[in-house]
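*Asks:* Please find one structure pasted underneath; my questions will follow.
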Amino acid sequence: MGRFISVSFGLLVVFLSLSGTGADCPSEWSSHEGHCYKVFKLLKTWEDAEKFCTQQANGWHLASIESVEEANFVAQLASETLTKSKYHAWIGLRDQSKRQQCSSHWTDGSAVSYETVTKYTKCFGLNKETKYHEWITLPCGDKNPFICKSWVLH
C-alpha cells in the first residue's frame, strides 16, 4: 500500500510539473505564459509566413509580443534556433494604413501594448543585429524565417 501511494504521489508530481510547460504545446514547440511558440527556418515573405502560421491550426499567427518578458523569451528562442543566421525573423505586426504609422493590432487581433521599433517601413521583424531583442521594419516582400504563436492546447 505504501508503495502504491509513493508511486501515485510521484506521478502527481510529474503531472503537475508538466502543466504549463511544453506538454500543452505541439511537439517541438515552446511554451511561455499560456502560449506556444515555434521559430521556423523557412524563408518566406511576411504575408506567406502569416499564411503558413494560420494553416498550422485555427488561431495560430505570426507572434505578437505584448510584454518585455515575452520579448525576452521570443528573442532567446530565435537566438537559439537561428544560430549563425544572416536573416531577421518576422513577427506578426505590419503597417496596414496609408498614413505611415504602426497598426494598432497584431495579426492575432491583440492590441499593441509593447513595442521596440528601430525604424519605419511596412512589416516588422526581430533584428538579428541585436540578437532578436529589437524590432526592425523591413520590406514585406523580403524573405525571412518567422515565429508562429498560438494559445496552449487543452
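Using N, Cα and C of the backbone, Cβ positions are placed for all residues, glycine too.
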*Asks:* Among Cys25, Cys36, Cys53, find the residue that Swiss-Prot gives as the disulfide bond partner of Cys148.
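*Replies:* So the cysteine that Swiss-Prot bonds to Cys148 would be Cys53.
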*Asks:* Output, ordered by sequence, the same-chain residues six or more apart from Cys148 (disulfide bond) with a CB under 8 Å from its CB, or 'none'.
*Replies:* Tyr37, Lys38, Phe40, Phe52, Cys53, Gln56, Trp60, His61, Leu62, Ala63
